[in-house]
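Chemist: Sequence annotations record features per position, and here TrEMBL assigns transmembrane segment to A:12-30, A:100-121, A:133-156, A:188-207, A:238-263, A:283-311. Look at TrEMBL and you will find A:94-311 tagged as domain 'ABC transmembrane type-1'.
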Amino acid sequence: MALFIFKRLIQSVFVMIAVAFLAFSLFRFVGDPVSQMTGVETSVADQDRLREELGLNDPIVAQFYRFTSDLLHGEFGYSYRTRQPVASMIATRIPATLELGVVALLISLLVGIPAGVFTALRPKGLTSQTILLTTLVGVSIPTFVIGILLIFLFGVQLGWLPTFGRGGTVQIGGWTSSLFTLDGWRSLLLPALTLGIYQLTLTMRLVRAEMMEVMQSDYIRFATARGIPYRSLYFRHALANTMIPVITIIGLQFGGVIAFSIVTESVFQWPGMGLLFLESIRFVDIPVMGVYLVVIAFFFVLVNLLVDLLYFAIDPRLRVKEDV
Amino acid sequence: MLGRIWRSDGMWLFWRSPAAVLAAIVAIVIIGGALLSPWIVATSPYDLASFSLMDGLLPPLWQGGDPRFPLGTDDQGRDMIAAILFGARLSLTIGLMAMAIASVLGIGLGLAAGYFGGRFDAIVMRIADVQLALPAILTALLIDGISRGLLPPDVQQSFRVAVLTLAIALSLWVNFARTARASVFVERNKDYVQAAIMMGQHPLRVMTYHILPNILGPLLVIMTVDLASAILLEATLSFLGIGLPADSPSLGTLIRIGMQFLLSGEWWILWVPTLFLVALVVSINILGDFLRDVFNPKVR
């Protein structure tokens, strides 16, 4: 097991270096960093001095080394657009995106897993067929359309919920949270639903497929023959064996949640990292784009590592395999 | 060839599946309408002289609109039908082109990686891994952002469509590569491939002439699903204001414009293109689902 974790760690480091190199190439080769930082009236001599100060005349390898060591020390440079340190820009946006993502993920799992189990156990029933058809439409409807639809229904027609911004927030340490006020929850509900509905259909379909396969396996047939009560059969024997794919989905969906949070944040003007990234693309704000990539990749790698560790915790067979 | 398709198992299954038949009809109507749009609609939405502000914000016919504009007009007096058909034309062009580039690139790399193995395979798959870590939409956004940094502002407008197509294609090729590679692993050790190799045929010929036709089934499914993804990606990027400029509206751009009318009463400017986009993508996805069942007899 230690060997496996070690291998995975090495892989993660490899991915992080690749992403850091991508961010570095963005900064170094897309557009000229010096002309981005200076105005038209800056003299050529001053530009050359800045070039030397930034170390842009050093060998590329040395530059890349300095870039990564700055990243590791949390020095992310300055935004071309706002002239603020990128680190603090990202830090103020992270809570908004994480809260949105976690609530959306919870919605997708708490609704998606039971629905998946249900449709797997009664595949021919009318309810299951209806649910399945709905999810097929669900995966085809773009996230932004779901968002517009929810805004139209609950914001415009019914007027129940706010349609943009974060509402009331509470400051806890350095974390600005919308989870502790009613107003904050009201603002969170529509974006989280938008993000959650799309993920939900994927969760449901995966759990269903997995559950159907498990239900056809020999040990379930054997357990049925032994007369084990259905409740125990479904929820102890069968569902326990679908937990591995469910953990995999959590890992996979984290990626989806991050990606589609860009869209959701744009529709609802939710002040998270996605919105920041979008603005940075619009204004070709390379440092922010690069740092966003590095931060997101770091979260990805972290979640995937946790998922792998959870496998070992849940499935004893994996531990046995290691000894063979 | 056509006769063989017509008499095939797949066709028989097709006629027995009402959802697939309906989806095919919807897809054919929309795609046909989009392709033939210049001949169907009287006014081009690009031709400023052909529409008048006097006709602006007319509701659809059943809400007391003008018979010249069955689905109403936008604030500029543009016919909604003309706008969505031209929009769908652009969306479909970009989607199809992106899918074609992604499939040629992905299948080519996947075939070669699976066939030659070794270091080439390792490099291609590591790139695929890193790219899989980034979701498609993020990749597309990133490529778009890079192009903004690289291209001078004055030529950017004229390259928008090309950049967008390429960004979408480059974010979708991985699926093709992985599937092609996995199928090649299965096929490579079969007798007919070994026989072709022993006869001294060129690897390129073995790959394209012998292996490719036999792994086409799953690839066709991915093509269908990825066409839907490509159309969705384009719509999403255009909706975000990253994709196409407002003067050459795709379906996504039209929806973005329609958002301005979310709070006022002119619902059709937003919902007509939205419904059109959803109908198009849903029908393509249903067809993809159907194809998957055809090529995967286990789940039938």
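Using the three backbone atoms N, Cα and C, a Cβ is placed for every residue, glycine included.
Set these features in their place in the structure for me.
Modeler: Outside the transmembrane segment (A:133-156), and at least 6 residues removed from its termini, the chain residues within Cβ reach (under 8 Å) are 162-163, 190-191, 193-195, 197-198, 200-202, 204-205, 260, 263-264, 266-268.
Here the transmembrane segment (A:188-207) has long-range neighbours at 99-101, 103-109, 111-113, 115-117, 119-120, 131, 135, 138-139, 141, 143, 146-147, 150-151, 154-155, 161-163, 166-167, 178-179, 242, 245-246, 249, 253, 256-257, 260-261, 264-265, 267-268, 270, meaning same-chain residues at least 6 beyond its ends whose C-beta is under 8 angstroms from one of its own.
With a cut-off of 8 Å between Cβ atoms, the residues of this chain six or more beyond the transmembrane segment (A:238-263) that come close are 97, 100-101, 104-105, 108-109, 113, 117, 142-144, 147, 195, 198-199, 202-203, 206-207, 210-211, 214-215, 220, 270, 272-275, 277-278, 296, 299-300, 303-304, 306-307, 310-311, 314-315.
Remote same-chain residues near the transmembrane segment (A:283-311) are listed as 4-5, 8-9, 12, 15-16, 19-20, 22-24, 26-27, 30-31, 33, 36, 71, 76-81, 86-87, 89-90, 94, 244, 247-248, 250-251, 254-255, 258, 273, 276-277, 318 (criterion: CB distance under 8 Å, separation of at least six residues from the stretch ends).
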